[in-house]
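Visitor: Got a structure for you, questions after.
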Amino acid sequence: MNKLSINDVDVRDKRVLIRVDFNVPLKNGQISNNQRIAAALPTIKLALEKGAKSVVLMSHLGRPDGRPIHAASMKPVVAELENLLGKKIMFLEDCVGSKVEAACANPEPGSVILLENLRFHVEKEGKGKDAQGNKAKADDAAVAAFRASLSKLGDVYVNDAFGTAHRAHSSMVGVDLPVKACGLLMKKELDYFAKALENPARPFLAILGGAKVADKIQLIENLMDKVNEMIIGGGMAFTFLKVLNNMDIGGSLFDEGAKIVGRLVDKAKEKGVKLHLPSDFITGDKFADVAKSATASVASGIPEGWMGLDVGTKTNEVFQKVIEGAKTIVWNGPPGVFEFENFSTGSKQMMDSVVRATEAGTITIIGGCDTATCAKNSNATEKVSHVSTGSGTSLELLEGKILPGVAALSQP
């Protein structure tokens, strides 16, 4: 994961083409959350401070499926970016082609240029939909031409879009420039995951939640090669408990991943990984915040018509001690249905424990959309070591997969 960084590249008098992630939520044509734009500012500012002739920004927004759609235009980003950067932005009505190439060929020194949505072209991802809504595939020559046009817009390529680094799309792997570096946001992501996956301080603890074992098989198996302890929570804990303890789980989640639970437990024993499963639960009579609640344990089981929606008091106490003893923590998936206030206690208490561990010097990394939201709800985003900006990307990294967008970058 050690890649060339923009910190180590001479960009003076060069055009810097930066792949950013400006895929921001829009409401009535207005940006409702500017977090992703703000996250790219340090890289943009650094390029300008280092004397770049121009900074050319490219991103996707929404899912226009390879066709220009007004509602998915990057235009609303202009005012927000100007406000945050304190600088005039030149907006181009396309992202490739002769007009775009001409505008980017010799711009005023210090220019910041924002391209139109990359996903307005089917060649960006290689597939999309035609005007009639039918599936469309870009031919190889068109993809090559699209990539060649992008490559003419800069002298140095910088990728700061960690959230799409797991996709082998044209803007991630197809820019043909001699220098391809990671931006500051990408570097921070790679550095933190390297701390966990390449040389972790031990004991190394993985906390895994989520609904289905089947969705997390690769994640569990890969992390078992690396961690000392593993907490299994969320809906998938019930699949483990039914298989291992023959627990009555009522209407709780149970999935086809059940058939490999035995294999996963055997691997944990073989690798000396200590598995921690919940021992008690807060249950609900339906999947809703207003559900009636009760308590249950592994021994008592959960009656029919009820389901486990959070972990119980004893489980919280055990998990807290496990977290306190760890020196590196990777957390992907809350232990309960934190979206429902009545079933959020376990997730809140776990977040509090992780924050305290961080304060005591533990490296704590949060990945996955739900866990990141949980951190935000608890005002803990700045209180842990790192909250990843790319849920799909971080999951693939933790699964041991190679990220195409990272593999395409230059070595230092």
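Including glycine, each Cβ sits where the backbone N, Cα and C put it.
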Visitor: Taking GLY183, GLY234, GLY312 as the options, which does Swiss-Prot list with GLY210, PHE338 at the ADP site?
Guide: GLY234
Visitor: Comparing the binding-site residues VAL20, LEU118, ALA211, ALA214, which residue's C-beta has the most other C-beta atoms within 10 angstroms in this structure?
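Guide: In terms of Cβ crowding, the pick is VAL20.
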Visitor: Identify, among the binding-site residues GLY210, GLY308, GLY333, the residue whose Cβ has the fewest other Cβ atoms within 10 Å in this structure.
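Guide: It is GLY210 that, of the binding-site residues GLY210, GLY308, GLY333, has the fewest other Cβ atoms within 10 Å.
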Visitor: Kindly assign HIS166 ((2R)-3-phosphoglycerate binding site) to one of the three DSSP-derived states: helix, strand or coil.
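Guide: Once the DSSP labels are grouped into three classes, HIS166 ((2R)-3-phosphoglycerate binding site) ends up as coil.
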Visitor: Hey, does DSSP put SER59 ((2R)-3-phosphoglycerate binding site) in a helix, a strand, or just coil?
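Guide: In three-state terms, SER59 ((2R)-3-phosphoglycerate binding site) counts as coil.
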